[in-house]
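Here is the structure we will look at.
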């Protein structure tokens, strides 16, 4: 059995590989069609003009569902390992809520392009990366609380390092974006897809785009730390039949309906 066939480790692997492919394929398509500059464009710029916009949207929607599934499995795993630890259980529920909010933000990014509905796109980015960073923090804290009995120290330090990486990328991207869009370097820069290295504002633009790519891959790296944990878990669905056919009400339901009718007639 290969390592990615053990347990549910294929989920974080699929999430990371598919999401990275969505960035790379849309980037290559945009470059080939000369829609963006080859040197580190914004990720969102590579999904602005058709046909890469269609590819970008479809692939990120799939990433959304993979993210939801991965976060749910992580939630169930922590819950099963910490049944008698209310503090961990509360943090675990908070983490699931934050994670799903981040996934919803990714869905917004996929379907509302920057050059068309900018503020909605920014809202999606804030949910994805802002709330997503808090999700990473919660999972890092959980890893700390669960060591050394349930988690190794190496996993905790790895997640802490990736979390700090994402925070530094967010800070760098925020500062450079504020400087770039402050009005000092012109108006309507949101619509600008091609940059000349000799232009004013090119340096903060490059810092901002590099920070965005760094932030995206820090998130993907965080999910890579789930692989070893997911090798030790599997989920099963149990089916409980309420009847032998699909066109008749189960007997228990009919009995309850008859009891309600008798009670009503009295």
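Backbone N, Cα and C atoms are what each Cβ position is placed from, and that goes for glycine too.
Over the domain 'CWH43-like N-terminal' (8-233), the average per-residue pLDDT in this prediction is 91. Feature annotation from TrEMBL assigns domain 'CWH43-like N-terminal' to 8-233.
Per TrEMBL, transmembrane segment is recorded for 12-35 (among others). Beyond its flanks by at least six residues, the transmembrane segment (12-35) meets 4, 41, 43, 45-49, 51-53, 55-56, 59-60, 62-63, 66-67, 70, 193, 213, 216-217, 220, 223-224, 226-227, 230 of its own chain at Cβ-Cβ distances under 8 Å.
Only residues 6 or more beyond the boundaries of the transmembrane segment (55-73), in the same chain, are considered here, and those with a CB under 8 A from a CB of the stretch are 8, 11-12, 14-15, 18-19, 21-22, 25-26, 29, 46-47, 95-96, 99-100, 102-104, 106-107, 109-111, 135, 223, 226, 230, 233, 235. Positions annotated as transmembrane segment by TrEMBL: 55-73 (among others).
Away from its own ends, the transmembrane segment (94-112) comes close to residues 44, 47, 56-61, 63-64, 67-68, 71-72, 74-75, 78, 120-121, 123-129, 131-132, 134-135, 138-139, 142 of its chain (Cβ-Cβ under 8 Å, at least six residues beyond either end). According to TrEMBL, the transmembrane segment annotation covers 94-112 (among others).
The transmembrane segment annotation in TrEMBL covers 118-145 (among others). Remote same-chain residues near the transmembrane segment (118-145) are listed as 44, 71, 74, 78, 85, 87-88, 91-92, 94-95, 98-99, 101-102, 104-109, 112, 151, 155-156, 159-160, 162-163, 166-167, 170, 190, 215, 219, 222 (criterion: CB distance under 8 Å, separation of at least six residues from the stretch ends).
Non-local neighbours of the transmembrane segment (157-185) in the same chain are 129-130, 133, 136-137, 139-140, 143, 199-201, 204-205, 207-208, 211-212, 214-215, 218-219, 221-222, 225; each lies 6+ residues outside the stretch with a CB under 8 Å from one of its CB atoms. Residues or ranges marked as transmembrane segment in TrEMBL: 157-185 (among others).
Annotated transmembrane segment per TrEMBL: 205-227 (among others), in sequence order.
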